[in-house]
């Protein structure tokens, strides 16, 4: 392949040497006696310890658990999920999704245990592709994952803005809430940008403060969970009453207009989007103590906890929803604000809405931590323009410039709210696709290209590794197909799902970048595969 050819005057040994001061020289033993186990392990992966390393299992767990924010994800997509197949499809698809998400999380946790480096997912993809395809896989997933996480940060801010602006409808204020109205979109954009600033401003704090932020984020999620589990059913019983068990477990609907079978399959459009992003623990692994074990546990435990705790929320919301005509008639950017107002009253729903908004703010803050570390790691290997500046580390050992880039790009993405409601919605719909396809590509490489590697992982699946990896491959390919589908039929310019177009453009950009970037400039093939020789002390 053209990208793996070495210049005639450059030996493999030269190419294996670092091209960035944050990388380590495989052949230079250095002062290994002064390094702790984490630093030696990172050096064997080809990198120097540049970020602070003081987080433990709880912080690793919280990085993924807060980034997932299962309650917020279920609530934000609930009306779409109920319309695609109905309640019967929603809860059953959620159960199926949990099973396969747990398998995928276990597979990625094993890889993370072998390769606990910041940026995780793109580095795992590069190693899963082996010496021949590793650089290509790495380039593509680098662009997929950075796009996905930055878009996720921006979409979170718009979601929080929708919760706040839905109070316009509840309090009958004389201001439009229709997204086709440019006046509303202008206010929505301003509020979203303000929330982005508040959320990401916490990313500039001293890394030591983040232990508190992780705890606050997890605490708000659990408060949100228990308020819904305890308070909402009491309020519903005193207002319009519960739906029947027959409605919850057997009722079907087709609000999408798709053929019956595909309408049911579209319920996975929602359930898959709720449980994606659990690899965040890997993004912060270079700041985690005992990372080869702790980060892997963080990935699996956060996915498992989010899935298990999310199931009662799904069932609860199905029992507590009004009839669909009422649900879809709630004229607000976020229907759940109207639902809370109907059940909890004005004072109660305001408190609940504040919890929802703060949950999304901290969700964005923690997602910003993971996203910035991903961008920093990709820049450390030279794939981004101005990589030297982006990968610079502050005196407090934090990737300050990567945070600035993430903040700036997310702010620009939010500007797409202004021209039309379709523009930003299309970007949001593309947020989950690159991550799901990255999972699939990693599993493809692990199944067919490097099936016998990563045997030194401390968190290991043993003999179940290969079959589970193949299962995860099939599952994530299926999810990608669902996420590429329109969710409203017949398909028009307004209902077309533009995520395949955006995804294709990102993929082409990644391939072109791989083609024109010299081997010695980014993840040289001589460096790829070196980590497979690591022997745990």
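Keep in mind that glycine also has a Cβ here, set from the backbone N, Cα and C atoms.
Automated prediction, rather than curation, is the source of TrEMBL annotations.
Among the ranges 299-319, 320-340, the one that TrEMBL lists as transmembrane segment is 299-319. Per TrEMBL, the range carrying the annotation transmembrane segment out of 36-55, 136-155, 156-175 is 136-155. Segment contact is absent for the transmembrane segment (350-370) and the transmembrane segment (430-449), given fewer than three CB pairs below 8 angstroms at sequence separation of 6 or more. Pairs of Cβ atoms less than 8 Å apart link the transmembrane segment (186-205) most often to 136-155, out of 94-124, 136-155, 470-487, 499-517. Beyond its flanks by at least six residues, the transmembrane segment (57-74) meets 81, 159, 210-211, 214-215, 217-218, 221, 224-225, 228, 273-281, 283-285, 288, 294-295, 297-299, 301-303, 305-307, 309-310, 313-314, 317, 356, 359-360, 362-363, 366-367, 369-370 of its own chain at Cβ-Cβ distances under 8 Å. Among 136-155, 212-234, 299-319, 499-517, 136-155 has the largest number of CB pairs under 8 A with the transmembrane segment (402-424). Long-range contacts of the transmembrane segment (136-155) within the same chain, counting only residues at least 6 positions beyond its ends with a Cβ under 8 Å from a Cβ of the stretch, are 1, 3, 119, 121-123, 125-126, 128-129, 192, 196, 199-200, 277, 364, 367-368, 370-371, 374-375, 378, 381, 383-384, 406, 409-411, 413-414, 427-428, 430-435, 437-438, 441-442, 445, 503, 506-507, 509-511, 513-514, 517, 522-523, 528.
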